[in-house]
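Engineer: Annotated L-glutamate binding site per Swiss-Prot: 42, in sequence order. Feature annotation from Swiss-Prot assigns pyridoxal 5'-phosphate binding site to 76, 77, 103, 154, 175, 198, 242, 243. Under the heading N6-(pyridoxal phosphate)lysine, Swiss-Prot lists 199.
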């Protein structure tokens with residue numbers, strides 16, 4: 001079978017070791033004689049899996065006991081609605097939404113159904129390079145109920161790696177869908193972290209929420225929030241208010257164990273840095289390609305790049321696919337190409353992409 005490398009923004013590659021284990025256990029999970037796809041979510045065996053999954057995630061991120069872990073449906077988009085519904089005290093609340101790019105903006109727009117958010121645009125362009133403005137130019141509200149932001153924008157490939165100083169003593173809610181588990185994160189800096197699983201944690205269908213318990217305790221179970229989106233109800237039911245996506249939970253746990261086997265998030269971060277440095281160097285050292293993000297704000301997970309000869313875009317995509325490189329088409333909003341280097345992408349895969357880019361530029365340059 002031909003070796004394929006999937007650079008899609010999500011669903012992404014899974015580690016080979018995880019795929020092999022899924023294959024081995026597909027018909028007989030945990031020596032029960034039935035598949036994980038068939039087992040009851042109320043069974044003792046599945047409940048053990050739930051506890052193991054939470055424990056492994058808690059260990060990976062050093063999540064303190066003062067935080068609850070929830071496993072939810074609906075992707076990150078469901079949380080765009082759930083967050084204001086759960087945390088707003090009234091429609092007059094001051095809410096800050098940091099507009100870092102495509103996903104940060106969509107979250108802010110969705111919140112308008114429930115409040116009047118202060119949308120803070122923090123990216124700008126100079127000399128054809130997009131960058132994040134200095135924090136002194138961010139118009140943060142003094143008494144905001146919470147601040148929402150997306151630290152890594154998959155579409156534009158722009159990133160805020162460190163938590164901004166201006167967020168200190170604020171309730172910070174962050175969409176970590178494309179970067180959670182790609183590097184260490186100090187959970188204590190956040191009121192809530194949420195992330196869809198299909199990038200660095202497994203397959204689609206699962207969204208992980210890490211929420212400070214004190215925030216959950218302030219939510220009423222009788223508030224006018226759909227029960228399936230009410231964090232208090234989800235916490236009280238151990239994320240099983242309705243039948244969960246059992247397979248997604250199972251695969252997430254396999255990925256958590258794989259990450260531990262790689263040496264944890266410090267080692268993963270080092271490896272991800274090597275991968276992204278390799279690709280950025282290939283782009284910057286070849287006049288055939290370019291990236292439009294300032295070097296200080298470049299994403300390590302999602303790397304857009306453009307051909308200076310745009311008429312060759314379709315040819316690049318077709319030939320790269322034949323080369324075993326899939327999912328390189330850029331997002332429809334910005335075009336060009338995009339290589340997503342999530343945890344399961346190997347250095348071998350990135351090197352193969354670089355080799356193809358060099359080959360293509362020599363052939364058509």
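The backbone N, Cα and C atoms fix where each Cβ goes, glycine too.
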Engineer: Quick one: among the recorded positions 42, 77, 199, which has the most Cβ atoms sitting within 10 Å of its own Cβ?
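Structural biologist: Of the recorded positions 42, 77, 199, the most buried by Cβ count within 10 Å is 199.
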Engineer: Helix, strand or coil for residue 242 (pyridoxal 5'-phosphate binding site)? Use DSSP.
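Structural biologist: Once the DSSP labels are grouped into three classes, residue 242 (pyridoxal 5'-phosphate binding site) ends up as coil.
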Engineer: Do me a favour and check the Cα-Cα span between residue 243 (pyridoxal 5'-phosphate binding site) and residue 42 (L-glutamate binding site); whole Å is fine.
Structural biologist: 9
Engineer: Between the Cα atoms of residue 198 (pyridoxal 5'-phosphate binding site) and the residue listed as 'L-glutamate binding site', find the distance and write it as a whole number of Å.
Structural biologist: 24
Engineer: Only counting partners 6 or more residues apart, tell me which same-chain residues put their Cβ under 8 Å from the Cβ of residue 154 (pyridoxal 5'-phosphate binding site).
Structural biologist: 9, 10, 102, 103, 177, 178, 199, 299, 301, 302, 331, 340
Engineer: Sorry to bug you, but what's the C-alpha spacing from the residue listed as 'L-glutamate binding site' to residue 175 (pyridoxal 5'-phosphate binding site), rounded to the closest Å?
Structural biologist: 30
Engineer: Among the binding-site residues listed here (76, 77, 242), which has the Cα closest to the Cα of the residue listed as 'L-glutamate binding site'?
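Structural biologist: Its closest listed neighbour, by Cα, is 242.
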Engineer: Listed pyridoxal 5'-phosphate-binding residues 76, 77, 103, 154, 175, 198, 242, 243 - what's their greatest C-alpha to C-alpha distance in Å?
Structural biologist: 30
Engineer: What number of additional C-beta atoms lies within 10 angstroms of the C-beta atom of residue 243 (pyridoxal 5'-phosphate binding site)?
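Structural biologist: There are 10 of them.
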